[in-house]
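Enquirer: Found this in TrEMBL, in case it helps:
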{"type": "REGION", "residues": "22-80", "note": "region 'Disordered'"}
{"type": "COMPBIAS", "residues": "68-80", "note": "compositional bias 'Polar residues'"}
{"type": "TRANSMEM", "residues": "105-127", "note": "transmembrane segment"}
{"type": "TRANSMEM", "residues": "147-166", "note": "transmembrane segment"}
{"type": "TRANSMEM", "residues": "178-199", "note": "transmembrane segment"}
{"type": "TRANSMEM", "residues": "214-236", "note": "transmembrane segment"}
Amino acid sequence: MRGESHGINVLADDLFFFRERNRERHKSPRNKDGRGSEKSVTIQAPTGEPLLGNESTRTEEVQDDNWGETTTAITGTSEHSISQEDIARISKDMEDSVGLDCKRYLGLTVASVLGLLVFLTPVAFILLPPILWRDELEPCGTICEGLFISVAFKLLILLIGTWALFFRKQRADVPRVFVFRALLLVLIFLFVVSYWLFYGVRILDSRDRNYQGIVQYAVSLVDALLFIHYLAIVLLELRQLQPMFTLQVVRSTDGESRFYSLGHLSIQRAALVVLENYYKDFTIYNPNLLTASKFRAAKHMAGLKVYNVDGPSNNATGQSRAMIAAAARRRDSSHNELYYEEAEHERRVKKRRARLVVAVEEAFIHIQRLQAEEQQKAPGEVMDPREAAQAIFPSMARALQKYLRATRQQHYHSMESILQHLAFCITNSMTPKAFLERYLSAGPTLQYDKERWLSTQWRLVSDEAVTNGLRDGIVFVLKCLDFSLVVNVKKIPFIVLSEEFIDPKSHKFVLRLQSETSV
(Lines of atoms letter the chains of each structure in order from A and count residues from 1; the text may use other names and numbers.)
(Lines give C-alpha, C1' and ligand atoms only; values in the text may rest on other atoms or scores of the structure.)
Protein backbone atom coordinates (compact mmCIF):
# COMPACT_ATOMS: atom_id res chain seq x y z
CA MET A 1 0.00 0.00 0.00
CA ARG A 2 2.90 2.33 0.80
CA GLY A 3 4.56 1.58 -2.55
CA GLU A 4 1.32 2.33 -4.45
CA SER A 5 0.91 5.67 -2.67
CA HIS A 6 4.54 6.52 -3.49
CA GLY A 7 3.97 5.70 -7.18
CA ILE A 8 0.80 7.83 -7.26
CA ASN A 9 2.72 10.73 -5.71
CA VAL A 10 5.52 10.40 -8.26
CA LEU A 11 2.97 10.40 -11.10
CA ALA A 12 1.23 13.46 -9.66
CA ASP A 13 4.53 15.27 -9.37
CA ASP A 14 5.39 14.47 -13.01
CA LEU A 15 2.00 15.75 -14.17
CA PHE A 16 2.45 18.92 -12.13
CA PHE A 17 5.94 19.41 -13.63
CA PHE A 18 4.65 19.09 -17.20
CA ARG A 19 1.79 21.51 -16.46
CA GLU A 20 4.28 24.05 -15.14
CA ARG A 21 6.42 23.53 -18.25
CA ASN A 22 3.47 24.11 -20.58
CA ARG A 23 2.44 27.16 -18.57
CA GLU A 24 5.95 28.64 -18.90
CA ARG A 25 5.98 27.80 -22.62
CA HIS A 26 2.75 29.75 -23.22
CA LYS A 27 3.76 32.82 -21.27
CA SER A 28 3.52 36.21 -22.93
CA PRO A 29 6.55 37.38 -24.97
CA ARG A 30 7.08 40.25 -22.56
CA ASN A 31 8.84 37.94 -20.09
CA LYS A 32 11.10 36.61 -22.82
CA ASP A 33 12.02 40.08 -23.93
CA GLY A 34 12.63 41.10 -20.36
CA ARG A 35 15.17 38.33 -19.95
CA GLY A 36 16.74 39.09 -23.30
CA SER A 37 17.17 42.76 -22.44
CA GLU A 38 18.79 41.95 -19.12
CA LYS A 39 21.36 39.75 -20.89
CA SER A 40 22.03 42.19 -23.71
CA VAL A 41 23.00 45.11 -21.48
CA THR A 42 26.16 43.32 -20.38
CA ILE A 43 27.61 43.54 -23.89
CA GLN A 44 29.73 46.60 -24.49
CA ALA A 45 28.05 49.05 -26.85
CA PRO A 46 30.10 50.60 -29.68
CA THR A 47 31.44 54.08 -29.16
CA GLY A 48 29.16 56.83 -30.35
CA GLU A 49 25.96 54.76 -30.36
CA PRO A 50 23.18 54.87 -27.78
CA LEU A 51 23.12 51.97 -25.37
CA LEU A 52 19.58 50.87 -26.05
CA GLY A 53 19.59 51.70 -29.75
CA ASN A 54 17.03 53.61 -31.78
CA GLU A 55 13.36 52.93 -32.26
CA SER A 56 13.94 50.32 -34.96
CA THR A 57 16.29 48.27 -32.80
CA ARG A 58 13.89 48.42 -29.86
CA THR A 59 11.08 47.21 -32.08
CA GLU A 60 13.20 44.30 -33.26
CA GLU A 61 14.14 43.35 -29.69
CA VAL A 62 10.56 43.05 -28.53
CA GLN A 63 9.45 41.06 -31.54
CA ASP A 64 7.54 37.94 -30.64
CA ASP A 65 8.97 34.56 -31.58
CA ASN A 66 5.46 33.59 -32.76
CA TRP A 67 5.66 35.88 -35.78
CA GLY A 68 4.24 33.14 -38.02
CA GLU A 69 0.99 32.91 -36.04
CA THR A 70 0.32 35.88 -33.80
CA THR A 71 2.03 38.92 -35.36
CA THR A 72 -0.57 41.24 -36.87
CA ALA A 73 1.03 44.67 -36.37
CA ILE A 74 4.36 46.16 -35.37
CA THR A 75 4.38 48.76 -32.61
CA GLY A 76 7.09 51.13 -31.53
CA THR A 77 6.76 50.63 -27.78
CA SER A 78 9.06 48.54 -25.65
CA GLU A 79 9.80 47.75 -22.04
CA HIS A 80 13.27 47.49 -20.52
CA SER A 81 14.20 46.53 -17.00
CA ILE A 82 17.65 47.50 -15.74
CA SER A 83 18.84 46.83 -12.22
CA GLN A 84 21.45 48.70 -10.18
CA GLU A 85 24.00 45.98 -10.94
CA ASP A 86 23.38 46.41 -14.67
CA ILE A 87 23.85 50.19 -14.36
CA ALA A 88 27.14 49.69 -12.50
CA ARG A 89 28.27 47.18 -15.14
CA ILE A 90 27.33 49.57 -17.95
CA SER A 91 29.27 52.43 -16.36
CA LYS A 92 32.32 50.19 -15.95
CA ASP A 93 32.14 49.10 -19.60
CA MET A 94 31.87 52.74 -20.69
CA GLU A 95 34.94 53.66 -18.62
CA ASP A 96 36.85 50.74 -20.16
CA SER A 97 35.82 51.81 -23.66
CA VAL A 98 36.98 55.39 -22.97
CA GLY A 99 40.36 54.08 -21.80
CA LEU A 100 40.73 51.90 -24.89
CA ASP A 101 39.87 54.80 -27.18
CA CYS A 102 42.45 57.05 -25.47
CA LYS A 103 45.13 54.37 -25.78
CA ARG A 104 44.25 53.79 -29.44
CA TYR A 105 44.40 57.46 -30.41
CA LEU A 106 47.53 58.06 -28.33
CA GLY A 107 49.41 55.33 -30.19
CA LEU A 108 48.18 56.63 -33.55
CA THR A 109 49.21 60.18 -32.64
CA VAL A 110 52.71 59.13 -31.58
CA ALA A 111 53.21 57.09 -34.76
CA SER A 112 51.95 59.95 -36.95
CA VAL A 113 54.23 62.53 -35.31
CA LEU A 114 57.25 60.22 -35.62
CA GLY A 115 56.45 59.48 -39.25
CA LEU A 116 56.14 63.19 -40.05
CA LEU A 117 59.52 63.81 -38.37
CA VAL A 118 61.13 61.02 -40.40
CA PHE A 119 59.91 62.34 -43.75
CA LEU A 120 60.72 66.00 -43.04
CA THR A 121 64.24 65.32 -41.74
CA PRO A 122 65.95 64.62 -45.15
CA VAL A 123 64.18 67.60 -46.69
CA ALA A 124 65.34 69.82 -43.82
CA PHE A 125 68.92 68.56 -44.19
CA ILE A 126 68.92 69.67 -47.82
CA LEU A 127 67.10 73.01 -47.42
CA LEU A 128 68.73 74.44 -44.26
CA PRO A 129 72.21 75.22 -45.70
CA PRO A 130 70.90 77.22 -48.73
CA ILE A 131 68.61 79.18 -46.40
CA LEU A 132 71.20 79.97 -43.68
CA TRP A 133 74.49 80.42 -45.61
CA ARG A 134 73.75 80.35 -49.33
CA ASP A 135 76.67 82.60 -50.35
CA GLU A 136 79.26 80.43 -48.63
CA LEU A 137 78.24 77.10 -50.26
CA GLU A 138 80.34 75.55 -53.00
CA PRO A 139 78.53 74.96 -56.32
CA CYS A 140 77.29 71.41 -56.76
CA GLY A 141 75.87 71.27 -60.28
CA THR A 142 74.53 68.16 -61.98
CA ILE A 143 75.59 65.74 -59.25
CA CYS A 144 73.34 67.41 -56.67
CA GLU A 145 70.43 67.54 -59.09
CA GLY A 146 70.69 63.78 -59.63
CA LEU A 147 70.83 63.25 -55.87
CA PHE A 148 67.70 65.40 -55.49
CA ILE A 149 65.81 63.14 -57.88
CA SER A 150 67.08 60.05 -56.04
CA VAL A 151 65.95 61.41 -52.67
CA ALA A 152 62.52 62.35 -54.03
CA PHE A 153 61.81 58.88 -55.46
CA LYS A 154 63.19 57.09 -52.40
CA LEU A 155 61.00 59.17 -50.11
CA LEU A 156 57.99 58.39 -52.31
CA ILE A 157 58.72 54.64 -52.12
CA LEU A 158 59.22 54.91 -48.35
CA LEU A 159 55.95 56.81 -47.97
CA ILE A 160 53.96 54.16 -49.88
CA GLY A 161 55.62 51.31 -47.97
CA THR A 162 55.01 52.97 -44.59
CA TRP A 163 51.36 53.60 -45.43
CA ALA A 164 50.88 49.97 -46.50
CA LEU A 165 52.65 48.47 -43.47
CA PHE A 166 51.79 50.71 -40.53
CA PHE A 167 48.73 52.80 -41.30
CA ARG A 168 46.09 50.08 -41.39
CA LYS A 169 42.66 50.07 -39.84
CA GLN A 170 42.92 48.57 -36.39
CA ARG A 171 41.02 45.28 -36.16
CA ALA A 172 40.83 44.94 -32.39
CA ASP A 173 41.94 46.41 -29.08
CA VAL A 174 44.63 44.25 -27.47
CA PRO A 175 45.57 44.51 -23.78
CA ARG A 176 49.31 45.15 -24.38
CA VAL A 177 51.40 46.90 -27.00
CA PHE A 178 52.91 45.04 -29.92
CA VAL A 179 56.53 44.52 -28.83
CA PHE A 180 58.19 44.46 -32.26
CA ARG A 181 56.29 47.53 -33.46
CA ALA A 182 57.22 49.45 -30.32
CA LEU A 183 60.88 48.44 -30.72
CA LEU A 184 60.88 49.62 -34.33
CA LEU A 185 59.40 52.98 -33.35
CA VAL A 186 62.06 53.40 -30.64
CA LEU A 187 64.79 52.41 -33.11
CA ILE A 188 63.58 54.94 -35.70
CA PHE A 189 63.37 57.68 -33.08
CA LEU A 190 66.91 57.05 -31.81
CA PHE A 191 68.18 56.82 -35.37
CA VAL A 192 66.68 60.17 -36.42
CA VAL A 193 67.80 61.89 -33.21
CA SER A 194 71.38 60.66 -33.72
CA TYR A 195 71.38 61.98 -37.29
CA TRP A 196 70.09 65.37 -36.08
CA LEU A 197 72.79 65.55 -33.39
CA PHE A 198 75.55 64.81 -35.89
CA TYR A 199 74.03 67.29 -38.35
CA GLY A 200 73.83 70.02 -35.75
CA VAL A 201 77.39 69.54 -34.49
CA ARG A 202 79.30 68.89 -37.72
CA ILE A 203 77.30 70.91 -40.27
CA LEU A 204 75.23 73.66 -38.62
CA ASP A 205 77.81 74.80 -36.09
CA SER A 206 80.73 74.74 -38.51
CA ARG A 207 78.72 76.04 -41.49
CA ASP A 208 80.10 73.38 -43.81
CA ARG A 209 80.51 74.70 -47.37
CA ASN A 210 80.61 71.30 -49.11
CA TYR A 211 76.96 71.17 -50.25
CA GLN A 212 77.47 67.91 -52.19
CA GLY A 213 78.57 66.17 -48.99
CA ILE A 214 75.51 67.53 -47.17
CA VAL A 215 73.19 66.16 -49.87
CA GLN A 216 74.94 62.79 -49.77
CA TYR A 217 74.46 62.82 -45.98
CA ALA A 218 70.69 63.23 -46.51
CA VAL A 219 70.74 60.43 -49.12
CA SER A 220 72.43 58.10 -46.62
CA LEU A 221 69.66 58.87 -44.12
CA VAL A 222 66.98 57.91 -46.65
CA ASP A 223 68.83 54.69 -47.53
CA ALA A 224 69.05 53.76 -43.85
CA LEU A 225 65.31 54.40 -43.43
CA LEU A 226 64.61 52.07 -46.35
CA PHE A 227 66.65 49.33 -44.68
CA ILE A 228 64.74 49.86 -41.42
CA HIS A 229 61.49 49.51 -43.37
CA TYR A 230 62.78 46.20 -44.80
CA LEU A 231 63.57 45.07 -41.24
CA ALA A 232 60.02 45.97 -40.22
CA ILE A 233 58.61 43.82 -43.03
CA VAL A 234 60.72 40.86 -41.86
CA LEU A 235 59.75 41.20 -38.20
CA LEU A 236 56.07 42.10 -38.62
CA GLU A 237 55.06 40.05 -41.66
CA LEU A 238 57.57 37.40 -42.84
CA ARG A 239 58.57 36.01 -39.44
CA GLN A 240 55.10 34.63 -38.69
CA LEU A 241 54.42 33.02 -42.06
CA GLN A 242 56.13 29.67 -41.41
CA PRO A 243 53.85 27.44 -39.25
CA MET A 244 55.53 26.38 -36.02
CA PHE A 245 52.64 25.64 -33.64
CA THR A 246 49.24 23.97 -33.79
CA LEU A 247 46.47 25.52 -31.71
CA GLN A 248 43.51 23.43 -30.58
CA VAL A 249 40.52 25.66 -29.82
CA VAL A 250 37.69 24.08 -27.81
CA ARG A 251 34.41 25.80 -26.92
CA SER A 252 33.66 25.12 -23.26
CA THR A 253 29.88 24.68 -23.56
CA ASP A 254 29.45 22.09 -26.33
CA GLY A 255 33.02 20.90 -26.95
CA GLU A 256 33.19 22.01 -30.60
CA SER A 257 36.85 22.28 -31.61
CA ARG A 258 39.03 23.48 -34.47
CA PHE A 259 42.75 23.34 -35.21
CA TYR A 260 44.87 26.20 -36.53
CA SER A 261 48.55 26.43 -37.52
CA LEU A 262 50.45 29.58 -36.57
CA GLY A 263 54.00 30.86 -36.66
CA HIS A 264 56.00 32.83 -34.12
CA LEU A 265 53.40 35.10 -32.52
CA SER A 266 52.79 36.52 -29.09
CA ILE A 267 49.95 35.15 -26.99
CA GLN A 268 47.73 38.20 -27.54
CA ARG A 269 48.26 38.16 -31.32
CA ALA A 270 47.56 34.42 -31.41
CA ALA A 271 44.36 35.07 -29.45
CA LEU A 272 43.38 37.70 -32.01
CA VAL A 273 43.92 35.21 -34.87
CA VAL A 274 41.84 32.61 -33.01
CA LEU A 275 38.94 35.04 -32.56
CA GLU A 276 39.05 36.10 -36.21
CA ASN A 277 38.78 32.46 -37.27
CA TYR A 278 36.17 31.69 -34.63
CA TYR A 279 33.54 33.93 -36.22
CA LYS A 280 33.85 32.17 -39.58
CA ASP A 281 34.61 28.55 -38.59
CA PHE A 282 32.58 27.82 -35.45
CA THR A 283 28.83 27.45 -35.60
CA ILE A 284 26.96 30.13 -33.70
CA TYR A 285 26.56 29.51 -29.99
CA ASN A 286 23.01 28.42 -29.17
CA PRO A 287 22.36 28.23 -25.41
CA ASN A 288 18.92 26.68 -25.95
CA LEU A 289 20.51 23.43 -27.14
CA LEU A 290 22.13 22.98 -23.72
CA THR A 291 18.90 23.18 -21.72
CA ALA A 292 17.68 19.69 -22.66
CA SER A 293 20.06 17.86 -20.32
CA LYS A 294 19.39 20.33 -17.49
CA PHE A 295 15.65 19.94 -17.97
CA ARG A 296 15.96 16.17 -17.93
CA ALA A 297 17.96 16.20 -14.67
CA ALA A 298 15.51 18.64 -13.08
CA LYS A 299 12.60 16.42 -14.10
CA HIS A 300 14.16 13.41 -12.43
CA MET A 301 14.91 15.27 -9.21
CA ALA A 302 11.47 16.90 -9.13
CA GLY A 303 9.79 13.51 -9.21
CA LEU A 304 11.56 12.33 -6.04
CA LYS A 305 9.95 12.92 -2.66
CA VAL A 306 10.45 11.18 0.69
CA TYR A 307 7.53 10.73 3.09
CA ASN A 308 7.98 9.81 6.74
CA VAL A 309 4.99 7.57 7.60
CA ASP A 310 6.25 6.93 11.14
CA GLY A 311 5.90 10.53 12.23
CA PRO A 312 8.32 13.44 12.56
CA SER A 313 11.88 12.60 13.50
CA ASN A 314 15.34 14.08 13.22
CA ASN A 315 16.83 11.19 11.27
CA ALA A 316 18.15 13.19 8.30
CA THR A 317 20.63 10.43 7.40
CA GLY A 318 17.83 7.96 6.67
CA GLN A 319 16.05 10.44 4.41
CA SER A 320 19.23 11.19 2.47
CA ARG A 321 19.86 7.48 1.99
CA ALA A 322 16.32 7.04 0.74
CA MET A 323 16.85 9.90 -1.73
CA ILE A 324 20.09 8.38 -3.01
CA ALA A 325 18.51 4.93 -3.41
CA ALA A 326 15.50 6.37 -5.25
CA ALA A 327 17.78 8.41 -7.54
CA ALA A 328 19.83 5.29 -8.31
CA ARG A 329 16.67 3.37 -9.28
CA ARG A 330 15.54 6.21 -11.51
CA ARG A 331 19.00 6.45 -13.07
CA ASP A 332 18.88 2.80 -14.13
CA SER A 333 15.95 3.59 -16.43
CA SER A 334 16.97 7.11 -17.46
CA HIS A 335 18.89 5.91 -20.55
CA ASN A 336 15.66 4.47 -21.95
CA GLU A 337 13.90 7.79 -21.46
CA LEU A 338 16.81 9.61 -23.13
CA TYR A 339 16.71 7.23 -26.09
CA TYR A 340 12.98 7.64 -26.66
CA GLU A 341 13.13 11.42 -26.16
CA GLU A 342 15.87 11.78 -28.77
CA ALA A 343 14.09 9.46 -31.18
CA GLU A 344 10.86 11.42 -30.78
CA HIS A 345 12.69 14.72 -31.26
CA GLU A 346 14.42 13.47 -34.42
CA ARG A 347 11.12 12.21 -35.82
CA ARG A 348 9.44 15.55 -35.15
CA VAL A 349 12.32 17.51 -36.70
CA LYS A 350 12.35 15.35 -39.84
CA LYS A 351 8.61 15.71 -40.22
CA ARG A 352 8.68 19.49 -39.89
CA ARG A 353 11.69 19.70 -42.19
CA ALA A 354 9.82 17.79 -44.89
CA ARG A 355 6.83 20.13 -44.53
CA LEU A 356 9.13 23.15 -44.75
CA VAL A 357 10.89 21.89 -47.88
CA VAL A 358 7.58 21.23 -49.63
CA ALA A 359 6.16 24.63 -48.62
CA VAL A 360 9.22 26.53 -49.84
CA GLU A 361 9.38 24.64 -53.14
CA GLU A 362 5.71 25.36 -53.82
CA ALA A 363 6.21 29.04 -52.94
CA PHE A 364 9.20 29.37 -55.28
CA ILE A 365 7.33 27.66 -58.11
CA HIS A 366 4.50 30.13 -57.59
CA ILE A 367 6.76 33.18 -57.74
CA GLN A 368 8.45 31.85 -60.87
CA ARG A 369 5.05 31.49 -62.53
CA LEU A 370 4.17 35.03 -61.44
CA GLN A 371 7.37 36.35 -62.97
CA ALA A 372 6.56 34.79 -66.34
CA GLU A 373 3.04 36.27 -66.30
CA GLU A 374 4.09 39.70 -65.03
CA GLN A 375 6.29 40.31 -68.08
CA GLN A 376 3.17 40.75 -70.22
CA LYS A 377 1.46 43.17 -67.84
CA ALA A 378 1.79 46.89 -67.49
CA PRO A 379 5.03 48.22 -65.95
CA GLY A 380 3.11 49.61 -62.98
CA GLU A 381 1.95 46.12 -61.94
CA VAL A 382 5.38 44.46 -61.91
CA MET A 383 6.60 43.50 -58.42
CA ASP A 384 10.07 44.19 -57.10
CA PRO A 385 11.94 41.47 -55.11
CA ARG A 386 10.74 42.85 -51.76
CA GLU A 387 7.09 42.75 -52.82
CA ALA A 388 7.53 39.27 -54.28
CA ALA A 389 9.06 38.06 -51.00
CA GLN A 390 6.17 39.52 -49.01
CA ALA A 391 3.71 37.84 -51.40
CA ILE A 392 5.05 34.28 -50.99
CA PHE A 393 6.23 34.49 -47.38
CA PRO A 394 2.84 33.77 -45.70
CA SER A 395 2.59 30.38 -47.47
CA MET A 396 5.83 29.19 -45.84
CA ALA A 397 5.81 31.17 -42.58
CA ARG A 398 4.02 28.61 -40.41
CA ALA A 399 6.15 25.66 -41.57
CA LEU A 400 9.34 27.68 -41.13
CA GLN A 401 8.31 28.84 -37.67
CA LYS A 402 7.57 25.30 -36.48
CA TYR A 403 10.88 24.01 -37.82
CA LEU A 404 12.86 26.81 -36.17
CA ARG A 405 11.08 26.09 -32.89
CA ALA A 406 11.84 22.38 -33.14
CA THR A 407 15.53 23.06 -33.77
CA ARG A 408 15.64 25.93 -31.21
CA GLN A 409 16.76 28.53 -33.76
CA GLN A 410 13.79 30.88 -33.56
CA HIS A 411 15.64 33.59 -31.63
CA TYR A 412 18.32 33.88 -34.34
CA HIS A 413 15.94 34.62 -37.23
CA SER A 414 13.51 37.51 -37.09
CA MET A 415 10.76 38.01 -39.62
CA GLU A 416 12.56 40.98 -41.14
CA SER A 417 15.81 39.05 -41.63
CA ILE A 418 13.95 36.17 -43.29
CA LEU A 419 12.19 38.57 -45.65
CA GLN A 420 15.50 40.20 -46.55
CA HIS A 421 17.10 36.81 -47.24
CA LEU A 422 14.11 35.74 -49.30
CA ALA A 423 14.25 38.93 -51.37
CA PHE A 424 17.98 38.39 -51.87
CA CYS A 425 17.39 34.84 -53.14
CA ILE A 426 14.65 36.01 -55.52
CA THR A 427 16.84 38.81 -56.85
CA ASN A 428 19.71 36.46 -57.66
CA SER A 429 17.49 33.63 -59.01
CA MET A 430 18.52 31.21 -56.28
CA THR A 431 16.84 27.84 -55.78
CA PRO A 432 14.67 26.82 -52.80
CA LYS A 433 17.53 24.65 -51.55
CA ALA A 434 19.82 27.69 -51.47
CA PHE A 435 17.21 29.63 -49.51
CA LEU A 436 16.74 26.83 -46.96
CA GLU A 437 20.45 26.21 -46.39
CA ARG A 438 20.62 28.98 -43.80
CA TYR A 439 17.80 27.47 -41.72
CA LEU A 440 18.28 23.71 -42.10
CA SER A 441 21.67 23.76 -40.35
CA ALA A 442 23.39 26.17 -38.00
CA GLY A 443 25.94 28.36 -39.77
CA PRO A 444 28.98 30.34 -38.64
CA THR A 445 28.61 33.39 -36.46
CA LEU A 446 29.23 35.86 -39.29
CA GLN A 447 26.09 34.59 -41.04
CA TYR A 448 23.82 36.17 -38.43
CA ASP A 449 23.20 39.71 -37.28
CA LYS A 450 25.62 41.19 -34.74
CA GLU A 451 22.79 41.50 -32.21
CA ARG A 452 22.58 37.68 -32.13
CA TRP A 453 26.28 36.94 -31.63
CA LEU A 454 26.37 37.09 -27.80
CA SER A 455 30.17 37.38 -28.10
CA THR A 456 31.60 40.80 -28.92
CA GLN A 457 33.74 41.55 -25.89
CA TRP A 458 36.43 39.05 -24.85
CA ARG A 459 38.83 38.66 -21.95
CA LEU A 460 42.20 36.95 -22.32
CA VAL A 461 43.21 34.78 -19.34
CA SER A 462 46.77 33.44 -19.31
CA ASP A 463 49.28 32.26 -16.74
CA GLU A 464 52.07 34.01 -18.64
CA ALA A 465 52.49 37.52 -19.95
CA VAL A 466 50.44 38.03 -23.09
CA THR A 467 53.44 39.64 -24.82
CA ASN A 468 55.44 36.40 -24.55
CA GLY A 469 55.76 34.23 -27.63
CA LEU A 470 54.00 30.92 -28.16
CA ARG A 471 55.67 27.75 -26.97
CA ASP A 472 54.77 24.12 -26.50
CA GLY A 473 52.29 23.40 -23.71
CA ILE A 474 50.89 26.90 -23.19
CA VAL A 475 47.16 27.05 -22.40
CA PHE A 476 45.18 30.29 -22.44
CA VAL A 477 41.46 31.02 -22.27
CA LEU A 478 39.32 33.54 -24.15
CA LYS A 479 36.20 34.34 -22.12
CA CYS A 480 33.06 36.15 -23.18
CA LEU A 481 29.64 36.56 -21.60
CA ASP A 482 28.22 33.02 -21.84
CA PHE A 483 31.09 30.72 -22.79
CA SER A 484 34.84 30.53 -23.23
CA LEU A 485 37.38 29.23 -25.74
CA VAL A 486 40.18 27.08 -24.34
CA VAL A 487 43.31 27.20 -26.51
CA ASN A 488 46.00 24.53 -26.18
CA VAL A 489 49.31 25.15 -27.96
CA LYS A 490 51.30 22.23 -29.37
CA LYS A 491 54.55 22.49 -31.30
CA ILE A 492 54.62 20.94 -34.75
CA PRO A 493 56.93 17.89 -34.51
CA PHE A 494 60.19 17.67 -36.43
CA ILE A 495 59.67 15.39 -39.42
CA VAL A 496 62.40 13.12 -40.75
CA LEU A 497 61.77 12.31 -44.40
CA SER A 498 63.98 9.72 -46.12
CA GLU A 499 64.19 8.68 -49.73
CA GLU A 500 63.94 5.17 -51.15
CA PHE A 501 64.66 4.53 -54.81
CA ILE A 502 62.79 1.81 -56.70
CA ASP A 503 64.14 0.67 -60.04
CA PRO A 504 61.34 0.83 -62.66
CA LYS A 505 62.71 -2.38 -64.22
CA SER A 506 61.91 -4.30 -61.04
CA HIS A 507 58.14 -4.13 -61.69
CA LYS A 508 57.82 -7.66 -63.14
CA PHE A 509 55.00 -10.07 -62.32
CA VAL A 510 54.24 -13.75 -62.98
CA LEU A 511 50.79 -15.28 -63.28
CA ARG A 512 50.51 -18.56 -61.35
CA LEU A 513 47.78 -20.91 -62.54
CA GLN A 514 46.31 -23.79 -60.60
CA SER A 515 44.08 -26.64 -61.75
CA GLU A 516 41.18 -25.42 -59.63
CA THR A 517 41.13 -21.90 -61.13
CA SER A 518 38.83 -20.93 -63.97
CA VAL A 519 41.53 -19.07 -65.95
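Each residue, glycine too, has its Cβ placed from N, Cα and C.
Keep in mind that TrEMBL annotations are predicted by a computer and have not been checked by a curator.
Show me how these features fit into the shown structure, please.
Expert: Distant neighbours of the transmembrane segment (105-127): 148, 151, 155, 158-159, 162, 166-167, 177, 185, 188-189, 192, 195-196, 199, 214-215, 217-219, 221-222, 225; these residues of the same chain sit at least 6 beyond its ends, with a Cβ under 8 Å from one of its Cβ atoms.
Remote same-chain partners of the transmembrane segment (147-166), defined as residues 6 or more beyond its termini with a Cβ less than 8 Å from a stretch Cβ, comprise 111, 115, 119, 122-123, 126, 181, 212, 215-216, 218-219, 222-223, 225-226, 229, 232-233, 236-237.
If one looks beyond the transmembrane segment (178-199) by at least 6 residues along the same chain, the residues whose Cβ comes under 8 Å of a Cβ in the stretch are 110-111, 114, 117-118, 121, 125, 166, 217, 221, 224-225, 228, 231-232, 235-236, 266, 269, 467.
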